[in-house]
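Feature list (source: TrEMBL):
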DOMAIN    51-90  domain 'Fibronectin type-I'
DOMAIN    95-138  domain 'Fibronectin type-I'
DOMAIN    139-182  domain 'Fibronectin type-I'
DOMAIN    184-228  domain 'Fibronectin type-I'
DOMAIN    229-273  domain 'Fibronectin type-I'
SIGNAL    1-20  signal peptide
Amino acid sequence: MLRGSVAGLLLLCAGSAVLGGPQAGRGEEQQQQVALDTAFLEATQYSGLQEGCTENSRFYRANEQWERPYMGSTLLCTCRGSAGVTCESKPAMEETCYDKVNMRSYRVGETYERPKDGMIWDCTCIGSGKGKISCTIANRCHEGGRSYRIGEKWTRPHDTGDYMLECVCLGNGKGEWTCKPVAERCYDSSVGSSYVVGQTWEKPYQGWMIVDCTCLGEGNGRITCTSRNRCNDQDTRKSYRIGETWSKVDTNGHRLQCLCTGNGRGEWKCERHSSTHTALGMELVAQVRPVTHQVDVVNQLVEEEGSCRVASEVIYSNGMSWVQTQGSQQRICTCVNGGIGCEDWGVKPLY
């Protein structure tokens with residue numbers, strides 16, 4: 001109201017100066033007209049003729065914006081001139097999370113991968129006003145130095161190295177996975193049969209020996225064969241399993257009783273039995289003398305995961321069996337995933 005009065009007073013004075021003055025020439029009239037226009041413009045800067053808005057004793061021009069607090073939030077208001085004031089919620093500044101490992105910022109709700117401790121973690125930007133980040137490996141499987149998502153598949157050799165496995169990541173909140181032999185087949189032309197990965201079978205070798213074969217597959221139907229769990233005696237030209245016994249006569253005519261021990265090398269041992277008479281010539285006494293072990297030549301064993309080491313420092317691979325002697329008792333033992341299982345086994349002497 002004060003501004004309107006001042007403006008009116010200025011206009012009145014300007015008008016009086018023009019109308020009440022003496023008659024002048026044309027040049028003076030033009031100068032007075034310019035003075036009037038200038039006074040009018042100055043006056044309108046203070047008058048209500050300029051559209052605007054007033055809030056909290058402050059004047060805002062048309063289209064000018066300002067912030068107004070409202071119930072814990074902030075409104076962005078705009079002066080619309082004669083249309084009044086319009087307000088809307090001020091867009092909040094977007095929160096981000098900064099990952100020091102990746103040295104990157106992520107928006108709230110965004111997920112990403114982070115390498116840590118030799119594994120891949122799934123991380124999510126939570127925010128919560130503090131740039132909080134949550135990471136987990138529950139939905140991944142880590143094996144062989146690699147990371148797999150739930151449902152992803154991969155292949156790996158079995159712990160024995162004898163065949164391939166196909167694995168799938170289950171997760172289950174614990175990074176679990178399961179494996180099964182690869183659905184692949186191997187064809188053995190010597191016996192005219194095919195076998196699935198992991199399947200084993202016997203086949204003759206060089207006419208009289210027997211070897212144990214396993215289908216590895218590995219994408220090309222690979223087969224591996226070994227005699228480490230068998231004893232192939234050239235003297236009898238027969239093949240024996242671990243724990244089997246047989247008798248034979250050596251070059252000196254002595255009778256031998258043999259036992260297949262295997263020991264991962266196709267090894268067996270024999271005992272020599274001879275008979276002597278007492279002074280009376282009536283009683284028969286058996287004398288048992290050990291004979292040097294007979295060993296088939298096989299490749300040097302390599303210690304691997306799941307293998308078993310016994311007191312004699314001999315290493316057996318997973319699944320291998322051998323004969324173990326404790327006093328007068330003999331037992332057949334088997335290596336099972338790094339553990340040893342034995343069962344009693346007796347051999348009756350032959351005379």
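Just so you know, glycine gets a Cβ as well, placed from its N, Cα and C.
Counted with DSSP, the domain 'Fibronectin type-I' (184-228) comes out as 0 helix, 28 strand, 17 coil. Summarised by DSSP class, the composition of the domain 'Fibronectin type-I' (51-90) is 3 helix, 26 strand, 11 coil.
Remark: secondary structure over the domain 'Fibronectin type-I' (139-182) totals 0 helix, 27 strand, 17 coil, with classes taken from DSSP.
Counting residue by residue with DSSP, the domain 'Fibronectin type-I' (229-273) contains 0 helix, 28 strand, 17 coil.
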